[in-house]
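Per TrEMBL, the features are as follows:
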DOMAIN    10-178  domain 'CP-type G'
BINDING   Asn58, Lys59, Ser60, Asp61, Asn86, Ser87, Asn130, Val131, Gly132, Lys133, Ser134, Thr135, Gly174  GTP binding site
Amino acid sequence: MYFQWYPGHMTKAKRMMQENIKLVDLVIELVDARIPVSSRNPEIDKLGKNKARLILLNKSDLAEDKWNDSWAEYFKKRDYSVVKVNSKKGGGIKSIQGVIQEACREKTERDRKRGILNRPVRAMVVGIPNVGKSTFINALAGKACTKTGNKPGVTKGKQWIRLNKNVELLDTPGILWPKFEDQTVGLRLAFIGSIKEEILNVEELSMELIGFLKEFYPGILKGKYQIEEMEDNFLCLKEIAKSRHCLIKGSELDTEKAARLLLDDFRNGRLGKITLEFPYNYE
Ligand code: GDP
């Protein structure tokens, strides 16, 4: 899903978020494990202040596990609960309900002291487009469960999905707007396919990715495409085009096709598990 953001969009997303956040005790924020900082919008910290906070490192199957662990530590140090998940395959999902209870323990305790017993914890899922919010909600609640909350025409009120007797989840996720003003952030969001490739053309984008991979994952391009990892990124792209027979009219190298092929291989995990940003740069 590609998203075009303009000020009207952002204002609406923000207003919805402000309204919905009032209704919940816990904010479940999905980030992309490959870019845990660039896939966030720091405004969520303001919007979600005084709420219990849970960060899910989603798509953890596409990122390097040692970095997933470092990122989990990074956020835990900053007072978030954290779980690594793979919403697509259900990895990490089982532990979520327990973690939700734990994250909301203070609130449950407060309720108990006031004589309020058994009021379920209410939670909502938030995150930038394409981070996996719907996939996660379905994995957590089960498809049938999500649908029963969606009776068209019956009510315009908020729909809650009852996960168990202690937890209710708002059925529509909150959409956070990505912050692509920062060039590096925009680039990383474009690498993972979360924003339109308009900030750069596809060949330039692929050359940026080639540059990153040569530096941080040396040998990975050689292993995948049997090419030499030369200094010049465009030459590398041409080598990929040669190796994968990306040709225009049977003779000229089609570097645009090679660029799409590389980006596609990366996004689908076919280059292996790759983390694009590292916690030591954000300490
Ligand atoms: P939303 O826009 O935040 O609701 O994102 P979606 O739930 O529509 O997911 C966007 C894409 O990411 C879909 O193609 C999903 O199949 C994929 N996806 C979601 N979670 C995961 C995950 O944990 N691992 C992988 N590999 N893909 C995922």
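A Cβ is built for glycine as well, from the same backbone N, Cα and C atoms used for every other residue.
Please treat TrEMBL annotations as automatic predictions, because they have not gone through curation.
Here the binding-site residues are Asn58, Ser60, Asn86, Ser134, and the one ringed by the most other CB atoms within 10 angstroms is Asn58. Of all Cα pairs drawn from Asn58, Lys59, Ser60, Asp61, Asn86, Ser87, Asn130, Val131, Gly132, Lys133, Ser134, Thr135, Gly174, which the record names as binding GTP, the longest spans 23 Å. Checked against ligand 1, the binding-site residues Asn130, Ser134, Gly174 give Asn130, Ser134 in sequence order as having a Cβ less than 6 Å away from one of its atoms. Shown in sequence order, Leu30, Asp32, Asn58, Lys59, Ser87, Lys88 are the residues of the chain, 6+ apart in sequence, with a C-beta less than 8 angstroms from the C-beta of Gly132 (GTP binding site). Taken together, the residues of the domain 'CP-type G' (10-178) have an average pLDDT of 90.
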